[in-house]
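Student: Once you've had a glance at the structure underneath, I'll fire off some questions.
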Amino acid sequence: MKNNDKLDSHTPMMQQYLRLKAQHPEILLFYRMGDFYELFYSDAKRASQLLDISLTKRGASAGEPIPMAGVPYHSIENYLAKLVQLGESAAICEQIGDPATSKGPVERKVVRIVTPGTISDEALLQERQDNLLAAIWQDAKGFGYATLDISSGRFRVAEPADLETMAAELQRTNPAELLYPENFEPMSLIEHRHGLRRRPLWEFELDTAKQQLNLQFGTRDLIGFGVEQAHLALRAAGCLLQYVKDTQRTSLPHIRGLTMERQQDGIIMDAATRRNLELTQNLSGGSENTLAAILDCSVTPMGSRMLKRWLHMPIRDIRVLTDRQQAIGGLQDIAAELQTPLRQVGDLERILARLALRTARPRDLARMRHAFQQLPEIHRLLQPIDVPHVQNLLSQVGQFDELQDLLERAIVETPPVLVRDGGVIASGYNAELDEWRALADGATDYLDRLEIREREKLGLDTLKVGFNGVHGYYIQVSRGQSHLVPIHYVRRQTLKNAERYIIPELKEYEDKVLTSKGKALAIEKGLYEEIFDLLLPHLPELQLSANALAELDVLANLAERAETLNYSCPTLSDKPGIKIMGGRHPVVEQVLKEPFISNPLTLSPQRRMLIITGPNMGGKSTYMRQTALIVLLAHLGSYVPADQATIGPIDRIFTRVGAADDLASGRSTFMVEMTETANILHNATEQSLVLMDEIGRGTSTYDGLSLAWACAENLASRIKAMTLFATHYFELTTLPEKMEGVVNVHLDALEHGETIAFMHSVQEGAASKSYGLAVAALAGVPRDVIKRARQKLKELESLSNNAAASTIDGSQMTLLNEEIPPAVEALEALEALDPDSLSPRQALEWIYRLKNMV
């Protein structure tokens, strides 16, 4: 049955459902019926699969059974959370009419639309992770990109110039939901993502976007936000804002401005670099053993989210970084003490967003009150700290004595979950509410008196007075004594072992009590809305306070981490270069069972590239990554895992470290490696930090060596980037003799018989030999295989003595036309052969072919 069949053939209720469904054809419609939300037709089938709920049928409409699935109203949030995680959206349709006065179906309407990117309910959100809605636009000039965190009001735009930059932005922001125009061309960029929403082109119209944004911010133009000429970004922002208004169906007073994010303000990292450095997600997709896992001991969820934003967008403004460093230094002695009241502040940022959307629940207001109660202690602790940035943040934190007093007077100590449960507003706040409550609360005494009186008067020891939601108040008598009740007892309900009655006096009291309860609840709801009206004018200061408290949490956390993990304050210099004494890998040193071996590093204009050799497992990758992480931490304003560090200007960090086949895109390991390498060679500058690990290993020996040599040469002589170049090609250790600014270093190892000990210490000069066979033995490769490998190694070394590999003149190498010595070519062909698969004739042909080669 299709939802758009002629409405006349359906029952009135299904007609109502189909009209509402027609307004929301793309998303699941949860249709309130009594104590359940029901889904019908294709929605029911889809929901039963997505949510693992039973698919049933409900009667018939238009002569056919109606597929139906449903969930209880009290557990709707759990099901919505599951849908949101799957990238799905849902429209929630409530009964707004009174069943008692309705003719035909009760009036219903969609009161909210839940989508992955627009949720603000704490039950649906991940506490320590941003939840972003994003929109993307693209034309010949580049990309426009907008993100909004509705749970904080943080609205950002950017204009990535090319596909690689756009891919990095998508990975950095990782939106829960992404709006894109119907004519979007590079679908490969986004098609693997959850929560994609295709939008019509007119929603990205520029003039409409400017109009919408000015209306939202109460401005005449967007010049004050610095985005007036950012036309690509504004198109995306306009579509995004319209979508939020459509789904939220309320004003959005907490979205008060727009910030342009410019690449040059931060250290640029492409998608591969973010992945390889394992900032917030490890290579397996989890969060264990990441930089965030070590660094994030924030005590508020909003602080944790801010720290992760800092990790993904390190900044270059030395003034801001110095402010943060000084604040961390100033907070070190009181960090633990400060974290006690901060922990009690909770997630004020998201509570304020729900207040702005008028969806804050009673417990949100109780938490807000509790947060206000912590502010005097925070002021007491921070006032003596003589650091300008700390005092600036403290002034933004403010004090909200009047609002605290309001919430202390208005909201009970431990409120219920929902306003409709009643009992939210404290006694003494409103005289009229107290009167109606007294009437309702007096029921218990009256009912006790009535029960005793009737039991004694009639001599019925089984008589008792009770109440249920369906039949209201009743007098219950056991079946055995029911023949003794007087005539004015009117039967209301028959049970298996008892009869329930009503009498005029009880009916009159029931009407009075139910009226008083209903009246009290109506007054309470009105007062609750009034409290919103009293709080909302203070929203800008409250948001500023929440942001300052989050930053204080991050800084106190970084102060505690610096003290606990023995980090030092780096020096940020305007002179090019990186000098690290006793550098350590922040994650590896925490995971290792034995002590971590710290290492120095020096890069300067005269020492731009380190060629790093040494055994596999010797620590080359760790040494390279720790350098990048120390540089990144310094540009958070954090202390760093080193005895001492001086960091010059850095504009980008690139990593070409390890690779796996990208099967989904049909790209081999080598193709992935070369794509990442091309990106580095096109975009690195003199101020970039480049990590190149084992470049060229995904192809044949000579192809790989040629590529590695040419890349190293290009980075050192043309780009002049600060480069750490790890390689297993010993031929590259001759580069320092041919080029300025290139230096050999190696990681030490000691070999004894067939065993090897990795020293993990970095020494000047090239490694003296390779330790591949020793590492293979350590990995458990059978002894006879190792023995055979040693024999083979000797043969190959004797064969290669005259080969060009050992005497390559790098200045004469070209990338594609290097001649491979015949003996080596024959050896490679022989190694590729499978003798068991050859027929006698083929084997004979191969013997002649190999003879011709040599």
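Keep in mind that glycine also has a Cβ here, set from the backbone N, Cα and C atoms.
Here's the feature list from Swiss-Prot:
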type: BINDING; residues: GLY614, PRO615, ASN616, MET617, GLY618, GLY619, LYS620, SER621; note: ATP binding site
Student: When you average the Cβ positions of GLY614, PRO615, ASN616, MET617, GLY618, GLY619, LYS620, SER621 for the ATP site, which other residues in that chain have a Cβ within 8 Å of that mean position?
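Tutor: Apart from GLY614, PRO615, ASN616, MET617, GLY618, GLY619, LYS620, SER621, the close residues are LEU747, ALA749, PHE758.
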Student: List the residues of the same chain that sit at least 6 positions away from MET617 (ATP binding site) in sequence and have their Cβ under 8 Å from its Cβ, in sequence order, or write 'none'.
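Tutor: Residues satisfying the criterion: PHE758, VAL775, LEU778.
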Student: With every protein chain in view, how many other Cβ atoms are within 10 Å of the Cβ of GLY619 (ATP binding site)?
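Tutor: Step by step: centre on the Cβ of GLY619 (ATP binding site), count other Cβ atoms within 10 Å, giving 25.
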Student: Through the lens of DSSP with three states only, how would you label MET617 (ATP binding site)?
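Tutor: Going by the DSSP assignment, MET617 (ATP binding site) belongs to neither helix nor strand, so it counts as coil.
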Student: Non-local Cβ contacts of PRO615 (ATP binding site) (under 8 Å, 6 or more apart, same chain)?
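Tutor: Same-chain residues close to PRO615 (ATP binding site) (Cβ under 8 Å, separated by 6 or more) are LEU747, ALA749, ILE756, PHE758, ALA767, SER770, TYR771, GLY772, ALA774, VAL775.
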Student: Within 10 Å of the Cβ of LYS620 (ATP binding site), how many other Cβ atoms can you find? Include all protein chains, please.
Tutor: 26
Student: Identify, in sequence order, the residues in the chain of GLY618 (ATP binding site) that are 6 or more apart from it along the sequence and have a CB within less than 8 Å of its CB; answer 'none' if there are none.
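Tutor: Non-local contacts for GLY618 (ATP binding site): LEU747, ASP748, ALA749, PHE758, MET759, HIS760, TYR771.
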